[in-house]
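**Q** Pasting a structure below so you can have a look.
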Amino acid sequence: MAMMLVNFPGSYAYFTPLTHADWHGFHLADLVFPCFLFIVGVSLSFALGRARLDPAQHGPALRKALRRTLILLLLGMFIDLVPRFYFTSFRSPGVLQRIGLVSLACAALFLKTDWRRQLAVLAALLIGYSVLLQLVPVPGYGPANLDPVHNLGAWLDRLVFTRHHLLIDWDGWDPESLLGTLPAIGTGVLGLLAGQWLRRPSVDAPTKVAWLLVAGFGLIVLGLIWSGWFPLNKQLWTSSYVLYTGGIAAATLGALYWLCDVQGWRRGFTLPLVFGTNAITVYALSELGERLLSKTKVAETTATGEPLALRTYLFEHFVAPHFAVPELASLFYAVAYTAIWGLVAWLLYRRRIFLKI
């Protein structure tokens, strides 16, 4: 739900908290995707709990995780191909692709390692990624740097995918870079660790809450300290960003666990429940809908004579005229678009249809 509000504004006029930081820095919108990956890790620790205890089930569970990842990879690329299927210029990396890769890595780690080894993997991923981006020279560009175009991750993406298959194709880089998936796996591992902590039967609920809050605030502090030399950056998914956002996610999980599971408070959580039961399915459909609205042209043209996209036509004719503040118009469009897919999610939920990928 939050990803839709952030990703589908009506225009380029939006309130700062609902935009991603241009490069280094942090906005509220930069919290949405890492929280989702954190919850992927938490949910895997519950979904694979029984399979982990029986080595005979590891193979089938991993094959299922691999199949899910392949579906997400293909689905993400399919959405970017719609509607004209230009295979020479579709985007290869993407949000769904990253979710798939992170979930596969976390599933393998959960089944084959204990929490101590997972913690070691997390440290190796974050420290190793920092070394790669900050110390390893970039072929053809010189010393290591954190520039959008010339950093090691962008260079690797151009090498593997070519610039025509990246989101920012004119400069040749992508916010869901291949190399950046390594620290993103770290975000999922933090969720794995939190999930295993919640599943421990020997620990009482208040203690679980307390340590989630302590760990969360500790990670926030560590992330801020690390940002002094490896800045918070969603596009690069820097190691400091992993700790900072993971800390917020852990503290939030602790607070919600106390509110819902310990205190039994359920009022007001119907909407997140409805979206959460078919989260990836509804998000993928919303991405597909946005793609169709953006690529479908109407007879009307822009000021430069180019055909007007259907989404722009709908916004400029049916939303923007009713608002004096452009940012409010843009936000209303995002809310309305999210509400449409919320209705779809509600209908699926009412019919007990849970589409698992």
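Numbers run from 1 along the shown chain.
Including glycine, each Cβ sits where the backbone N, Cα and C put it.
Sharing the record's features from TrEMBL:
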- 3-132: domain 'Heparan-alpha-glucosaminide N-acetyltransferase catalytic' (DOMAIN)
- 31-49: transmembrane segment (TRANSMEM)
- 70-89: transmembrane segment (TRANSMEM)
- 95-112: transmembrane segment (TRANSMEM)
- 119-136: transmembrane segment (TRANSMEM)
- 178-198: transmembrane segment (TRANSMEM)
- 210-229: transmembrane segment (TRANSMEM)
- 241-260: transmembrane segment (TRANSMEM)
- 269-286: transmembrane segment (TRANSMEM)
- 331-349: transmembrane segment (TRANSMEM)
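Show me how these features fit into the structure around them.
**A** Here the transmembrane segment (31-49) has Cβ contacts under 8 Å with residues 2-3, 6, 61, 95, 98-99, 102-103, 106-107, 110-111, 184, 187-196, 198-199, 234, 241-242, 245-246, 248-250, 252-253, 279 of the same chain, all six or more residues outside its ends.
Listed by sequence, the residues of this chain that lie at least six past the ends of the transmembrane segment (95-112) yet keep a Cβ under 8 A from its Cβ atoms are 3, 33, 36-37, 40-41, 44-45, 48, 51-52, 58, 61-62, 65-66, 68-73, 75-77, 79, 118, 121, 176, 181, 184-185, 187-189, 191-192, 280, 283-284, 287.
Within the chain, the transmembrane segment (119-136) has long-range Cβ neighbours (under 8 A, six or more residues past its boundaries) at 109, 113, 144, 146, 151-153, 179, 182-183, 185-186, 189-190, 193, 229-230, 236, 238-239, 242-243.
Tertiary neighbourhood of the transmembrane segment (210-229): same-chain residues 134, 190, 194, 197-198, 238-255, 257, selected by CB-CB distance under 8 Å and a gap of 6+ residues from either end.
Proximity of distant same-chain residues to the transmembrane segment (269-286), defined by a Cβ-Cβ separation under 8 Å and at least 6 residues beyond the stretch ends, is recorded for 1, 3-4, 8, 36, 72, 75, 79, 95-96, 99, 260, 337-338, 341-342, 344-346, 348-349, 353-355, 357.
Non-local neighbours of the transmembrane segment (331-349) in the same chain are 1, 4-6, 8-11, 14-15, 18, 271, 273-275, 277-278, 281-282, 285-286, 289-290, 315, 319, 323, 355; each lies 6+ residues outside the stretch with a CB under 8 Å from one of its CB atoms.
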**Q** When secondary structure is assigned with DSSP, how many helix, strand and coil residues does the domain 'Heparan-alpha-glucosaminide N-acetyltransferase catalytic' (3-132) contain?
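**A** Going through the domain 'Heparan-alpha-glucosaminide N-acetyltransferase catalytic' (3-132) residue by residue, I get 96 helix, 0 strand, 34 coil.
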**Q** Sort out the residues at least 6 away from either end of the transmembrane segment (178-198), same chain, that have Cβ-Cβ distances under 8 Å to it, and list them.
**A** 34, 37-46, 93, 98, 101-103, 105-106, 109-110, 115, 118-119, 121-122, 125-126, 128-129, 132-133, 152-153, 156-157, 160-161, 208, 211-212, 215, 219, 235-239, 241-242, 245-246, 249-250, 253, 257
**Q** Below 8 angstroms Cβ to Cβ, which residues of this chain, lying six or more residues outside the transmembrane segment (70-89), approach it?
**A** 95-97, 99-101, 103, 164-165, 169, 280, 284, 287-288, 291-292, 295-296, 357
